[in-house]
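> Pasting a structure here, questions to come.
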Amino acid sequence: MGIRVYRPYTPGVRQKTVSDFAEITTDKPEKSLTRGFKRDKGRNNRGVITSRRRGGGHKRRYRIVDFRRSSKLNIPAKVATVEYDPNRNARIALLHYRDGEKRYILHPRDLTPGTEIIASPDAPIEVGNALPLGKIPLGTSVHNVEITPGRGAQMVRAAGAMAQVVAKEGDMVTLKLPSGEVRLFRKECYATIGQVGNVEANNISLGKAGRNRWKGRRPKVRGSVMNPVDHPHGGGEGRAPIGRPGPVTPWGKPTLGYKTRKKKKLSDALIVRRRKKSSKRGRGGRQS
């Protein structure tokens with residue numbers, strides 16, 4: 001994938017960059033693998049906003065992606081197309097299985113149409129093949145990783161993401177995740193060889209507010225410019241300070257650096273090293 005840069009012939013195009021979509025081979029999805037996508041606009045069943053700054057966006061259909069590769073064990077499949085998916089940054093690949101079934105999977109980097117892949121404990125270590133973690137050699141890059149065997153992949157699914165197999169001991173396999181966290185997984189958990197495609201997704205510059213609106217993202221208003229009835233940071237004359245020991249959410253809970261993880265979370269036993277710390281305070285400590 002490459003990034004296309006434009007000449008600044010309008011203000012909205014000056015900072016704009018887009019993917020060149022070089023890996024895409026068709027612009028029409030497999031109709032049997034799509035369904036309607038109802039946009040809930042961040043509301044619950046009562047119409048109350050539960051997730052702020054959501055709403056609008058371009059109409060789209062949801063592509064049904066197969067995250068449980070182990071459900072098609074020992075059945076070879078040929079990569080038919082690589083397609084754009086409006087619901088995620090990663091591309092998706094359409095597989096034609098030898099038994100006649102069609103399924104979408106996340107498109108691994110460098111996987112091209114015509115390649116034959118398979119999910120099997122005895123599959124070769126090649127990009128696109130899925131194997132149990134216990135069968136994957138140390139140092140191999142993987143993605144689309146299961147947390148619970150047979151439940152389907154839940155980790156390492158974002159565009160450009162990959163984890164690395166760093167150790168094996170008994171029934172557990174140690175992976176280094178994209179966040180820097182080192183974590184234990186059951187050796188029966190399936191993972192796909194390689195890195196998720198569209199690795200340049202993080203380098204795309206939207207260039208204007210309208211492109212965020214196309215994605216269904218609404219403006220983010222700072223609490224300090226609200227009225228006190230709307231946010232604890234609001235009110236005062238001019239640019240007033242927060243007036244509290246630290247920043248809080250609209251509901252008065254501490255935020256920006258405040259730890260919210262449960263102290264007795266069961267998965268703590270599987271985490272060898274916590275992820276890298278992110279410093280949100282450094283990017284303007286009053287944005288809640």
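Every residue gets a Cβ built from N, Cα and C, even glycine.
Here's the feature list from Swiss-Prot:
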type	residues	note
COMPBIAS	29-43	compositional bias 'Basic and acidic residues'
REGION	29-59	region 'Disordered'
COMPBIAS	210-221	compositional bias 'Basic residues'
REGION	210-288	region 'Disordered'
COMPBIAS	272-288	compositional bias 'Basic residues'
> What is the number of residues in the region 'Disordered' (29-59) that are helix, strand and coil, as DSSP sees it?
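So the region 'Disordered' (29-59) is made up of 3 helix, 6 strand, 22 coil.
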> Could you give me three numbers for the region 'Disordered' (210-288), the DSSP helix, strand and coil residue counts?
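Helix/strand/coil tally for the region 'Disordered' (210-288): 17 helix, 6 strand, 56 coil.
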